[in-house]
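This report concerns only the one structure given below.
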Amino acid sequence: MPLTPPPNPQKTYQIAILALGLVLLAFVLISDHSPKVGDHLHNLPFGGEYKDGTKSIKYFQRPNQHSLSKTLAKSHNTTIFLLILGLIVTLHGLHYFNNNRRVSSSLHCVLCQNKH
């Protein structure tokens, strides 16, 4: 059985845009943009305490916050800009594909239901 493309590929594009939007949203929610402290051997990204002979490091341990609230609290302008831009592009793409499908599937007036 040979593989054939779908007769209307717009549904495929709509799902791809939605999936890309979800991937971008997941990336923003999961990524950690907090500053890292310590050296390459003693990394304390969330605060804490380390003692070793002559070396003693103690950083404040922050309460566990959701990474989105940390991102917004730090106001990383690039992250916020990309999130808003991705949302706008996703909504525009969904609107475009929905309008195209509606026009191509029905050749009658939306207001009066007559063909013109």
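All residue numbers here begin at 1 and follow the chain in the order shown.
Every residue, even glycine, has its Cβ placed from backbone N, Cα and C.
Mean predicted confidence for the topological domain 'Cytoplasmic' (1-11): the pLDDT average there is 78. According to Swiss-Prot, the feature topological domain 'Cytoplasmic' maps to 1-11 (among others), an assignment based on similarity to another entry.
Per Swiss-Prot, the feature topological domain 'Lumenal' maps to 33-77; the stated evidence is similarity to another entry.
As annotated by Swiss-Prot, topological domain 'Cytoplasmic' applies to 99-116 (among others), with the evidence given as similarity to another entry.
Positions annotated as transmembrane segment by Swiss-Prot: 12-32 (among others).
Among the features that Swiss-Prot reports, transmembrane segment is placed at 78-98 (among others), with the record citing sequence analysis. Residues 10, 13-14, 17-18, 20-21, 24-25, 28, 33, 71-72 of the same chain sit 6 or more residues outside the transmembrane segment (78-98) yet have a Cβ under 8 Å from a Cβ within it.
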